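The structure under discussion appears below in the form of structure tokens.
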């Protein structure tokens, strides 16, 4: 059985439009997750270790002020298009659209005020919560009124995140959750003792602004071959890597499949990622620099968390060979990702 509670988390500043931010607490025997109506943010996720003790394994803040300030999308649903669009520009049906540039020369995670920074309308479900919002035509430069539903449901050790969208005009859509995980417990210094595996035979090389070059490269014989578990710190050292911030290409299938696994041997905490999406962005918190103080006023340094963001491939709207990035009127965008927490 999953318990669902709702409570007030805070009040949005007047300059952000005001409004009450609610927190929804989903609790099973083995997992407790807290989700905000601001940005559908996973603000806390507690899971058991081998010793039966619960620890919060996602980075974030204790108060609303942290989330309304500048931060790297901690726990949020990002969109209308997750990841990067080159030069913030794309063409649909012969018309060119220009987006806000918020990542050097590119547009990242929906622009200046993406889905992570707005209030969503919640509806409590027996084992979770469904958030809805209408992204109006022209918001952040995107065409079409886009109706979006994000549903979180908890069953035992499994948290499912379902994304649905419908549009009035043809538009690119790519939705993901940007939770930062540290299975040793948030606030732990680094993720070097984590073991990571990703079920991908290929990945997307990127240019110096993190835009895919268009090549789909085999992982075989490279530092991107994570098909067998690697201990992250040793792997980064062995290949002289600053970290990962790359899309791994998954088998094209509409069915649920296991695509990644993270394990923290000292505590026994493990997380599996299952999805219907065609890609997964593996990011090792390279841009964290200790300047942000999170829960319990703990600083979050470089490599103190990892993200496994299930998604369509970055800049797919500008790469005809990449999986389809467009949603058309009359169609429905519908993807699910399952995070399964257990002990190894």
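Keep in mind that glycine also has a Cβ here, set from the backbone N, Cα and C atoms.
Here TrEMBL flags 83, 84, 178, 179, 180, 245 as beta-D-galactose binding site. Residues or ranges marked as active site, proton donor by TrEMBL: 178. Among the features that TrEMBL reports, active site, proton acceptor is placed at 309.
Shown on the structure are the features that TrEMBL records.
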| residue | record | contacts (Cβ under 8 Å, 6+ apart) |
| --- | --- | --- |
| 83 | beta-D-galactose binding site | 108, 109, 174, 176, 247, 281, 309, 311, 314, 315 |
| 84 | beta-D-galactose binding site | 103, 106, 107, 108, 209, 210, 211, 314, 315 |
| 178 | beta-D-galactose binding site | 72, 73, 74, 75, 76, 77, 78, 82, 109, 116, 307, 309 |
| 179 | beta-D-galactose binding site | 42, 45, 58, 74, 75, 307 |
| 180 | beta-D-galactose binding site | 58, 59, 60, 72, 74, 75, 285, 305, 306, 307 |
| 245 | beta-D-galactose binding site | 206, 210, 281, 282, 283, 284, 286 |
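A simple way to gauge crowding: the CB of the residue listed as 'active site, proton acceptor' has 22 other CB atoms within 10 angstroms, across all the protein chains here.
Here beta-D-galactose is bound by 83, 84, 178, 179, 180, 245 per the record. The longest Cα to Cα distance in that group is 18 Å.
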